[in-house]
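Novice: First the structure, which I've put down as C-alpha coordinates, then a few questions once you've had a look.
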(Lines of atoms letter the chains of each structure in order from A and count residues from 1; the text may use other names and numbers.)
(Lines give C-alpha, C1' and ligand atoms only; values in the text may rest on other atoms or scores of the structure.)
Protein backbone atom coordinates (compact mmCIF):
# COMPACT_ATOMS: atom_id res chain seq x y z
CA UNK A 1 0.00 0.00 0.00
CA UNK A 2 1.31 3.43 -0.94
CA UNK A 3 2.01 5.47 2.24
CA UNK A 4 1.89 8.88 0.58
CA UNK A 5 1.57 9.88 -3.04
CA UNK A 6 1.17 13.28 -4.69
CA UNK A 7 -0.08 13.91 -8.22
CA UNK A 8 0.39 17.27 -9.94
CA UNK A 9 -0.98 18.12 -13.41
CA UNK A 10 0.97 19.84 -16.16
CA UNK A 11 -0.12 23.27 -17.31
CA UNK A 12 -0.05 25.64 -20.22
CA UNK A 13 0.37 29.35 -19.67
CA UNK A 14 -0.51 32.62 -21.40
CA UNK A 15 -3.16 31.24 -23.83
CA UNK A 16 -1.94 33.93 -26.19
CA UNK A 17 -2.32 37.43 -24.69
CA UNK A 18 -2.84 36.35 -21.06
CA UNK A 19 0.89 36.74 -20.49
CA UNK A 20 2.09 35.49 -17.08
CA UNK A 21 -1.55 35.50 -15.96
CA UNK A 22 -3.77 32.87 -17.64
CA UNK A 23 -3.07 29.18 -17.10
CA UNK A 24 -4.83 25.89 -17.83
CA UNK A 25 -4.17 22.55 -16.11
CA UNK A 26 -3.57 19.63 -18.47
CA UNK A 27 -3.90 15.85 -18.30
CA UNK A 28 -0.18 15.08 -18.05
CA UNK A 29 1.11 14.33 -14.56
CA UNK A 30 4.04 14.39 -12.17
CA UNK A 31 3.79 11.71 -9.46
CA UNK A 32 5.74 11.71 -6.20
CA UNK A 33 5.66 8.66 -3.92
CA UNK A 34 7.19 8.89 -0.44
CA UNK A 35 8.90 5.61 0.37
CA UNK A 36 10.51 5.83 3.80
CA UNK A 37 12.65 7.93 6.11
CA UNK A 38 16.36 8.04 5.42
CA UNK A 39 19.53 9.66 6.72
CA UNK A 40 19.58 11.86 3.62
CA UNK A 41 17.23 12.80 0.79
CA UNK A 42 17.18 10.37 -2.11
CA UNK A 43 15.17 10.89 -5.30
CA UNK A 44 14.57 7.81 -7.42
CA UNK A 45 13.80 8.70 -11.04
CA UNK A 46 14.48 7.61 -14.60
CA UNK A 47 14.98 11.08 -16.09
CA UNK A 48 18.18 12.34 -17.67
CA UNK A 49 21.34 12.43 -15.54
CA UNK A 50 21.20 16.21 -15.15
CA UNK A 51 18.15 15.92 -12.85
CA UNK A 52 19.51 15.72 -9.26
CA UNK A 53 18.82 12.71 -7.07
CA UNK A 54 19.57 14.41 -3.75
CA UNK A 55 18.48 17.51 -1.84
CA UNK A 56 19.35 19.66 -4.87
CA UNK A 57 16.36 18.20 -6.72
CA UNK A 58 13.81 20.97 -7.30
CA UNK A 59 11.03 19.06 -5.52
CA UNK A 60 13.16 18.44 -2.44
CA UNK A 61 14.82 21.87 -2.36
CA UNK A 62 11.39 23.51 -2.57
CA UNK A 63 10.04 21.32 0.23
CA UNK A 64 13.01 22.15 2.46
CA UNK A 65 12.60 25.88 1.85
CA UNK A 66 8.95 25.66 2.86
CA UNK A 67 9.71 23.51 5.92
CA UNK A 68 13.44 23.50 6.83
CA UNK A 69 12.89 21.01 9.68
CA UNK A 70 11.71 18.21 7.37
CA UNK A 71 13.24 14.79 7.99
CA UNK A 72 14.93 13.34 4.89
CA UNK A 73 13.02 10.68 2.97
CA UNK A 74 13.41 8.48 -0.04
CA UNK A 75 10.97 9.56 -2.74
CA UNK A 76 10.21 8.17 -6.17
CA UNK A 77 9.32 10.59 -8.96
CA UNK A 78 7.71 9.71 -12.28
CA UNK A 79 6.30 12.06 -14.89
CA UNK A 80 4.99 12.14 -18.44
CA UNK A 81 5.31 15.94 -18.59
CA UNK A 82 7.99 16.78 -21.18
CA UNK A 83 10.85 18.81 -19.74
CA UNK A 84 11.63 22.32 -21.05
CA UNK A 85 8.80 22.21 -23.58
CA UNK A 86 6.50 24.91 -22.19
CA UNK A 87 4.16 22.55 -20.33
CA UNK A 88 4.88 23.60 -16.76
CA UNK A 89 7.36 20.89 -15.77
CA UNK A 90 9.23 23.13 -13.33
CA UNK A 91 5.99 24.55 -11.95
CA UNK A 92 4.67 21.04 -11.29
CA UNK A 93 7.89 20.21 -9.41
CA UNK A 94 7.55 23.35 -7.28
CA UNK A 95 3.92 22.54 -6.49
CA UNK A 96 4.87 18.95 -5.62
CA UNK A 97 7.60 20.22 -3.29
CA UNK A 98 5.19 22.52 -1.47
CA UNK A 99 2.71 19.69 -1.00
CA UNK A 100 5.49 17.35 0.14
CA UNK A 101 6.42 19.86 2.84
CA UNK A 102 2.76 20.37 3.70
CA UNK A 103 2.16 16.66 4.22
CA UNK A 104 5.40 15.59 5.89
CA UNK A 105 5.65 18.75 7.98
CA UNK A 106 1.93 18.71 8.87
CA UNK A 107 1.70 22.39 7.94
CA UNK A 108 -2.03 22.39 7.11
CA UNK A 109 -1.53 24.96 4.37
CA UNK A 110 -4.66 26.36 2.78
CA UNK A 111 -5.05 26.35 -0.99
CA UNK A 112 -4.54 30.11 -1.05
CA UNK A 113 -1.32 29.75 0.92
CA UNK A 114 -0.04 27.10 -1.50
CA UNK A 115 -0.76 29.40 -4.45
CA UNK A 116 0.97 32.30 -2.70
CA UNK A 117 4.08 30.27 -1.85
CA UNK A 118 4.27 28.69 -5.30
CA UNK A 119 3.92 32.06 -7.03
CA UNK A 120 6.70 33.52 -4.91
CA UNK A 121 8.97 30.68 -6.04
CA UNK A 122 7.92 30.75 -9.71
CA UNK A 123 7.58 34.50 -10.15
CA UNK A 124 4.13 34.39 -11.79
CA UNK A 125 0.90 32.57 -10.89
CA UNK A 126 -0.30 31.10 -14.20
CA UNK A 127 1.33 27.65 -14.23
CA UNK A 128 1.49 26.98 -10.50
CA UNK A 129 -2.07 28.13 -9.79
CA UNK A 130 -3.40 25.93 -12.60
CA UNK A 131 -1.51 22.91 -11.24
CA UNK A 132 -2.81 23.51 -7.71
CA UNK A 133 -6.42 24.38 -8.53
CA UNK A 134 -7.05 22.61 -11.83
CA UNK A 135 -9.21 24.08 -14.58
CA UNK A 136 -8.51 27.51 -16.04
CA UNK A 137 -7.04 30.22 -13.83
CA UNK A 138 -6.50 33.95 -14.22
CA UNK A 139 -3.99 35.37 -11.77
CA UNK A 140 -2.14 38.54 -10.92
CA UNK A 141 0.98 39.12 -8.84
CA UNK A 142 1.26 42.62 -7.41
CA UNK A 143 4.38 42.85 -5.31
CA UNK A 144 3.92 39.90 -2.97
CA UNK A 145 0.13 39.75 -3.20
CA UNK A 146 -1.40 37.09 -5.45
CA UNK A 147 -5.00 37.15 -6.69
CA UNK A 148 -6.36 34.15 -8.59
CA UNK A 149 -9.77 33.37 -10.09
CA UNK A 150 -10.61 29.84 -11.25
CA UNK A 151 -13.17 29.05 -13.95
CA UNK A 152 -14.45 25.84 -15.54
CA UNK A 153 -13.91 25.11 -19.23
CA UNK A 154 -15.24 21.57 -19.56
CA UNK A 155 -16.50 22.11 -23.11
CA UNK A 156 -12.96 22.46 -24.45
CA UNK A 157 -10.58 19.91 -25.87
CA UNK A 158 -6.83 20.44 -25.92
CA UNK A 159 -4.14 19.42 -28.38
CA UNK A 160 -0.44 19.95 -27.83
CA UNK A 161 2.20 19.74 -30.56
CA UNK A 162 5.53 18.98 -28.93
CA UNK A 163 8.79 19.26 -30.89
CA UNK A 164 11.87 17.16 -30.20
CA UNK A 165 13.94 20.25 -29.49
CA UNK A 166 14.08 21.77 -26.03
CA UNK A 167 13.74 25.50 -25.40
CA UNK A 168 14.94 26.92 -22.12
CA UNK A 169 12.55 29.46 -20.59
CA UNK A 170 15.38 31.92 -19.98
CA UNK A 171 16.34 31.76 -23.66
CA UNK A 172 12.74 32.31 -24.72
CA UNK A 173 12.38 35.27 -22.34
CA UNK A 174 15.63 36.81 -23.57
CA UNK A 175 14.04 37.79 -26.90
CA UNK A 176 11.31 39.84 -25.19
CA UNK A 177 11.67 43.63 -25.09
CA UNK A 178 12.69 45.40 -21.89
CA UNK A 179 10.32 48.29 -22.64
CA UNK A 180 6.83 48.12 -24.15
CA UNK A 181 5.44 51.26 -25.87
CA UNK A 182 2.35 52.68 -24.18
CA UNK A 183 0.10 52.42 -27.26
CA UNK A 184 1.14 48.79 -27.75
CA UNK A 185 0.41 48.04 -24.09
CA UNK A 186 -3.09 49.51 -24.43
CA UNK A 187 -3.80 47.41 -27.51
CA UNK A 188 -2.35 44.24 -26.00
CA UNK A 189 -4.16 44.58 -22.68
CA UNK A 190 -7.49 45.20 -24.43
CA UNK A 191 -7.10 41.93 -26.34
CA UNK A 192 -6.20 40.14 -23.10
CA UNK A 193 -9.27 41.62 -21.39
CA UNK A 194 -11.56 40.28 -24.12
CA UNK A 195 -9.87 36.86 -23.92
CA UNK A 196 -10.62 36.60 -20.19
CA UNK A 197 -14.20 37.84 -20.61
CA UNK A 198 -14.79 35.31 -23.39
CA UNK A 199 -13.35 32.49 -21.25
CA UNK A 200 -15.71 33.42 -18.43
CA UNK A 201 -18.74 33.58 -20.74
CA UNK A 202 -17.72 30.44 -22.69
CA UNK A 203 -17.64 32.29 -26.01
CA UNK A 204 -15.13 29.89 -27.50
CA UNK A 205 -14.91 31.40 -30.99
CA UNK A 206 -13.98 34.73 -29.41
CA UNK A 207 -11.46 32.96 -27.17
CA UNK A 208 -9.88 31.44 -30.27
CA UNK A 209 -9.74 34.79 -32.05
CA UNK A 210 -8.17 36.61 -29.10
CA UNK A 211 -5.59 33.93 -28.32
CA UNK A 212 -4.19 34.40 -31.83
CA UNK A 213 -3.87 38.20 -31.53
CA UNK A 214 -1.23 38.49 -28.81
CA UNK A 215 1.15 41.46 -28.82
CA UNK A 216 2.97 40.81 -25.54
CA UNK A 217 5.28 37.94 -26.43
CA UNK A 218 4.45 35.78 -29.47
CA UNK A 219 5.65 38.28 -32.13
CA UNK A 220 9.09 38.26 -30.50
CA UNK A 221 9.25 34.49 -30.07
CA UNK A 222 8.34 33.57 -33.65
CA UNK A 223 12.01 33.42 -34.59
CA UNK A 224 12.39 30.58 -32.07
CA UNK A 225 9.21 28.73 -33.11
CA UNK A 226 8.84 29.38 -36.87
CA UNK A 227 6.21 26.65 -37.39
CA UNK A 228 3.57 28.46 -35.32
CA UNK A 229 1.86 30.32 -38.22
CA UNK A 230 1.48 27.20 -40.37
CA UNK A 231 0.23 25.12 -37.43
CA UNK A 232 -2.24 27.88 -36.58
CA UNK A 233 -3.53 27.98 -40.16
CA UNK A 234 -4.00 24.21 -40.40
CA UNK A 235 -5.61 23.91 -36.98
CA UNK A 236 -8.18 26.55 -37.88
CA UNK A 237 -8.95 24.80 -41.17
CA UNK A 238 -9.45 21.53 -39.28
CA UNK A 239 -11.99 23.12 -36.90
CA UNK A 240 -9.96 24.31 -33.89
CA UNK A 241 -10.93 27.44 -31.98
CA UNK A 242 -7.43 28.85 -31.69
CA UNK A 243 -3.70 28.18 -31.43
CA UNK A 244 -0.97 29.74 -29.29
CA UNK A 245 2.45 29.04 -27.87
CA UNK A 246 2.32 26.91 -24.75
CA UNK A 247 4.02 29.07 -22.17
CA UNK A 248 7.42 30.12 -23.46
CA UNK A 249 7.35 27.35 -26.06
CA UNK A 250 8.45 25.42 -27.97
CA UNK A 251 5.23 23.37 -27.63
CA UNK A 252 2.11 24.62 -29.39
CA UNK A 253 -1.24 24.70 -27.58
CA UNK A 254 -4.56 24.34 -29.43
CA UNK A 255 -8.10 24.71 -28.07
CA UNK A 256 -10.83 22.71 -29.83
CA UNK A 257 -14.44 21.72 -29.35
CA UNK A 258 -14.24 18.78 -26.92
CA UNK A 259 -15.94 16.34 -29.29
CA UNK A 260 -13.61 17.22 -32.19
CA UNK A 261 -10.27 17.00 -30.39
CA UNK A 262 -9.39 13.48 -31.58
CA UNK A 263 -10.28 14.14 -35.21
CA UNK A 264 -8.31 17.40 -35.29
CA UNK A 265 -5.32 15.79 -33.57
CA UNK A 266 -5.23 12.99 -36.15
CA UNK A 267 -5.32 15.49 -39.02
CA UNK A 268 -2.52 17.55 -37.52
CA UNK A 269 -0.39 14.45 -36.92
CA UNK A 270 -0.56 13.63 -40.61
CA UNK A 271 0.71 17.09 -41.55
CA UNK A 272 3.30 17.82 -38.85
CA UNK A 273 5.09 14.50 -38.74
CA UNK A 274 8.21 15.84 -37.02
CA UNK A 275 6.25 16.79 -33.89
CA UNK A 276 4.53 14.69 -31.24
CA UNK A 277 0.81 15.44 -31.36
CA UNK A 278 -0.91 14.86 -28.00
CA UNK A 279 -4.67 14.84 -27.56
CA UNK A 280 -5.17 16.08 -24.00
CA UNK A 281 -7.94 17.16 -21.66
CA UNK A 282 -8.20 19.98 -19.18
CA UNK A 283 -7.52 18.65 -15.69
CA UNK A 284 -10.23 19.90 -13.34
CA UNK A 285 -8.95 18.42 -10.06
CA UNK A 286 -5.56 20.05 -9.66
CA UNK A 287 -3.12 18.57 -7.18
CA UNK A 288 -4.30 15.39 -5.45
CA UNK A 289 -2.89 13.56 -2.43
CA UNK A 290 -3.32 9.90 -1.49
CA UNK A 291 -2.49 9.22 2.15
CA UNK A 292 -3.39 5.54 2.49
CA UNK A 293 -1.64 4.06 5.48
CA UNK A 294 0.45 7.19 5.85
CA UNK A 295 1.83 6.22 9.27
CA UNK A 296 5.05 7.15 11.03
CA UNK A 297 6.36 9.55 8.42
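For all residues, glycine too, the Cβ spot is worked out from N, Cα and C.
Below, the features straight out of Swiss-Prot:
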BINDING   82, 83, 84, 85, 86, 87, 88, 89, 90, 91, 92  ATP binding site
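Can you walk me through where each of these features ends up in the structure?
Specialist: Around residue 84 (ATP binding site), the same-chain residues at least 6 positions away in sequence with a Cβ under 8 Å from its Cβ are 166, 167, 168, 169.
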Novice: Taking each of the binding-site residues 82, 86 in turn and counting other Cβ atoms within 10 Å of its Cβ, which one has the fewest?
Specialist: 82
Novice: Quick check on the binding-site residues: of 90, 92, whose CB has the lowest count of neighbouring CB atoms inside 10 Å?
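Specialist: Result for the binding-site residues 90, 92: minimum number of other Cβ atoms within 10 Å at 90.
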Novice: In three-state terms from DSSP, label residue 86 (ATP binding site) for me.
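Specialist: Assignment for residue 86 (ATP binding site) reads coil.
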Novice: When DSSP states are folded down to helix, strand and coil, where does residue 92 (ATP binding site) land?
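Specialist: DSSP call for residue 92 (ATP binding site): helix.
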